[in-house]
């Protein structure tokens with residue numbers, strides 16, 4: 001993942017992604033959105049809810065994928081950023097009557113700004129040390145969520161968070177809200193797809209592969225490191241803003257440090273640095289345990305075993321495995337999307 | 001010809017399956033089996049399993065065997081909501097659990113919308129204040145227990161100042177928020193207010209802080225394991241002031257873990273396998289025999305939850321999901337009608353419970369009940 005770029009690999013990447021405006025990733029996103037729009041029909045509220053939860057977690061994982069998978073910054077604060085977004089949305093909509101759309105935007109802005117501030121240490125420290133800085137931040141946010149009861153409801157959380165309306169259509173039903181989540185996730189995923197293909201995305205990847213070389217090529221490493229962190233955090237904020245009305249209740253537990261680790265696992269298991277990796281990772285993290293519930297009390301043990309075996313078999317995650325498979329079938333050398 | 005046999009076999013298998021399904025009533029328990037609430041949740045689950053085994057051995061509810069399914073919430077609101085939704089989609093007759101108030105808060109609207117009774121183990125005061133007619137407690141709420149403790153501190157312990165130590169989760173914070181106004185009403189000064197962490201191992205610093213506050217008594221409101229650790233730390237620091245608490249300070253598990261350090265501890269007990277009620281003690285023995293450890297109050301709560309559902313169903317003489325909630329609201333269940341309820345229990349309109357409770361003290365490693373307190377509204 002952090003291997004230095006070779007002379008061959010960079011031109012090859014640009015050759016693969018340049019020819020057309022539309023590529024396989026975008027087509028998959030469009031097809032996925034269409035399928036997910038209709039998927040819950042006849043599925044029941046439970047299935048619909050799990051699909052929505054999967055998409056919401058995918059948004060948070062997309063952000064972390066940008067920070068870690070593209071820019072190579074190891075962050076352990078993604079769940080904390082998601083918490084910031086969720087609490088901002090919950091507080092603004094329930095206590096101050098702000099519309100969900102404004103709260104969504106403000107949650108994104110807030111997490112972007114905080115991500116920017118937290119990104120500064122990222123300029124000074126690398127790898128494990130950066131992880132420690134974000135770990136401290138994660139604990140700090142969790143303590144604020146739990147202890148500042150006047151604002152956050154403390155351990156009792158915030159209940160009765162309303163779901164938004166869409167041009168007069170109420171989204172209280174599981175199916176209506178699911179479709180809303182599909183649309184928002186699709187927009188956010190396409191934005192990220194565009195960003196990855198833009199010069200920004202190239203700069204992020206260059207940062208991950210070889211920061212010194214990137215700097216020597218004129219990439220402003222300071223700005224791009226900060227941007228990667230801030231945009232990744234903003235995606236967590238957006239995910240939080242969707243999570244609060246989806247569950248209609250929040251307390252500090254889904255935003256603890258262990259959840260940040262879990263999000264990290266989703267990035268790695270899905271395939272870090274692949275655009276569609278977060279969806280696969282979140283599918284593993286959210287849908288697989290639900291599906292394994294038939295196994296009763298053993299379900300978490302089976303889940304952990306599957307994840308471990310998966311990572312032993314394909315350290316690059318499921319996306320890496322698919323890519324290798326595709327390369328074998330088509331007889332081409334694999335390249336990251 | 002062969003195909004006819006196959007069709008006949010398939011049909012009969014289908015019919016048998018259907019007949020089996022008709023002979024069963026499905027109950028789904030959604031509870032904390034992993035994450036922060038796992039200890040409480042496992043006790044609750046075991047209590048339920050014990051009740052289901054008992055009821056099924058005696059012929060079930062109205063002739064139907066109970067099919068119990070447990071879903072883990074991971075102590076996470078999002079997962080709890082999924083599990084409760086799944087339980088309702090699968091046609092559960094009633095929802096049992098969860099125990100922690102966060103997961104309860106995330107799932108109670110779903111059971112309410114589906115008009116299905118949800119019997120929870122949560123004790124936090126706010127749960128029954130939201131006008132949800134389908135939510136029922138299985139224990140006294142903290143608002144019911146704390147006035148009794150404040151009166152005990154004032155009249156029996158004769159304390160003018162109290163040090164309060166609590167665990168910073170929904171259980172501890174809820175108890176602390178409920179006791180402070182009661183102490184103020186009783187004219188008792190809070191000398192020091194100490195928050196501790198769930199799962200905390202070392203209580204030496206907290207014990208020193210409390211010792212230095214030099215209060216007349218110490219109110220301890222921690223979960224069982226933490227209570228035991230605190231008692232040991234307090235003994236090491238030479239704290240001799242009376243320690244007063246609730247069910248979680250005087251339980252069998254605390255006495256087992258704290259050893260000598262538990263002697264002299266006193267307080268108010270709601271549900272306890274040591275209470276001077278033969279049915280409670282009988283439950284304690286059965287639980288110990290089946291699971292090889294002593295049940296805490298959550299085991300008792302889970303056990304009684306199943307019997308509350310059974311009683312309501314037999315009372316209405318049919319399986320009517322909405323009817324369970326309607327029958328439970330405002331009802332008084334007596335052990336003479338339903339021995340599994342263990343103690344006479346009144347369910348108020350908002351889902352709170354009213355029961356007798358006890359004042360107890362730990363003497364020579366045994367919980368000794370010194371007085372029985374009547375129901376709030378006898």
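Cβ coordinates come from backbone N, Cα and C, glycine included.
Not measured: the values here are computed from a predicted model.
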Please identify the range among A:127-145, A:146-164 that TrEMBL labels transmembrane segment. A:127-145
Match it up for me: which of A:199-222, A:223-246 does TrEMBL list as transmembrane segment? A:223-246
With pairs restricted to those 6 or more apart in sequence, evaluate whether the transmembrane segment (A:20-40) and the transmembrane segment (A:98-120) have 3+ C-beta pairs under 8 Å. no
Counting only pairs at least 6 apart in sequence, do the transmembrane segment (A:177-196) and the transmembrane segment (A:46-68) share 3+ Cβ pairs under 8 Å? yes
For the transmembrane segment (A:46-68), the distant same-chain contacts (Cβ-Cβ under 8 Å, at least six residues beyond its ends) come to 36, 39-40, 74-75, 78-79, 81-82, 174-175, 177-178, 181-182, 184-185, 188-189, 192, 195-196, 204, 228-229, 231-236, 238-240, 242-243, 246, 263-264, 266-267, 270, 272-274, 277-279, 281-283, 285-287, 290
